[in-house]
Amino acid sequence: MLATRSILKTVAQNPNARALAFKNVAGVPMGVRHFNATSSTKAQSPAAETEILRQQRKVRPVSPHIAIYQPQITWYLSALHRITGAALGGALYLGSIGYLASGMAVDTASIVSAAAAAPVAVKVLAKTTLAFPFVFHSLNGVRHLVWDAKKCLDIKSVYTTAYVVLGGSVAGSLYLASL
Amino acid sequence: MATTEENKPEEKPQGESYEEREKRMKREERGYAFGANHWNLERASAVALVPLISTQFVYGAHPVVDGLLGVVLPYHIYMGFDSCITDYIPKRVYPRGYKAAMWALKISFGLTLWGCYEFNTNDVGMTEAIQRIWTA
């Protein structure tokens with residue numbers, strides 16, 4: 001019998017149902033997930049056993065991975081590279097499709113005047129926020145191409161180039177924000 | 001018996017067995033030449049972007065650079081999203097989700113190519129537009 005959630009809920013709300021539903025759980029406390037190996041008299045077809053396995057997998061917890069892995073500049077920068085790339089790429093795709101969808105009615109001049117009217121602090125903040133992903137992704141992209149050329153692959157060079165990229169990104173975005 | 005939640009085969013009510021599914025996926029696999037070309041094109045588009053973007057920063061806008069950017073940049077982004085979809089919506093686990101995501105990506109790619117072309121033709125061009133908005 002499958003220990004699906006509906007059956008477990010019924011059993012939790014009605015303890016008498018437990019003895020009826022689960023004939024072999026005499027000494028096991030409620031709340032312990034209980035999957036017996038089926039004996040030969042109760043063995044089921046392969047399809048039904050797959051079904052049990054499928055049900056188990058649906059409720060099985062996933063062991064923590066991202067949350068417990070030691071923070072390292074290697075995978076942090078790799079994640080940041082992907083996130084900045086997806087954000088910038090998504091922005092370009094959505095912007096182009098929006099331009100098409102608006103019937104090519106968006107005029108550059110209108111955006112320019114709207115941008116010029118904003119307060120200076122907002123403008124500098126917006127420019128820094130937009131510049132950093134772009135500069136970081138470009139510099140880290142060059143770092144990837146260097147790896148593809150089979151250079152700087154030992155761990156020391158990986159860390160050195162990582163710091164160069166981070167420093168260059170900060171400097172580059174500050175420079176761009178000042179324009 | 002490695003079936004997962006999403007992968008309920010539609011052909012027979014019994015469903016195909018594990019071995020049959022593995023054989024079908026092996027038949028539908030793409031060859032090694034495809035993989036090599038995929039890698040080459042990905043790096044080629046990334047390398048091509050380096051001079052395109054740096055000439056913009058140094059010399060300013062130019063219609064030819066804008067036109068090239070309007071092709072190479074969407075293609076580079078397409079390759080990037082392709083990798084993301086392959087990683088997070090794997091075909092083996094979500095066959096229909098993968099197919100839907102890839103089709104959405106391909107259609108977006110086509111529309112973006114068209115949109116960039118229209119913007120470069122009707123309006124001032126991508127580089128000039130960004131320059132104007134940035135220094136406003």
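Backbone N, Cα and C atoms are what each Cβ position is placed from, and that goes for glycine too.
TrEMBL entries are annotated by machine, without manual review.
The region 'Disordered' annotation in TrEMBL covers B:1-24.
B:H76 (heme b binding site) carries a helical DSSP state (H, G or I). The annotation heme b binding site is assigned in TrEMBL to B:H76.
According to TrEMBL, the feature ubiquinone binding site maps to B:Y88. In this chain, none of the residues that are 6 or more apart from B:Y88 (ubiquinone binding site) has a CB less than 8 Å from its CB.
Listed in sequence order, B:E42, B:S45, B:A46, B:L49 are the same-chain residues six or more apart from B:H76 (heme b binding site) with CB atoms under 8 A from its CB.
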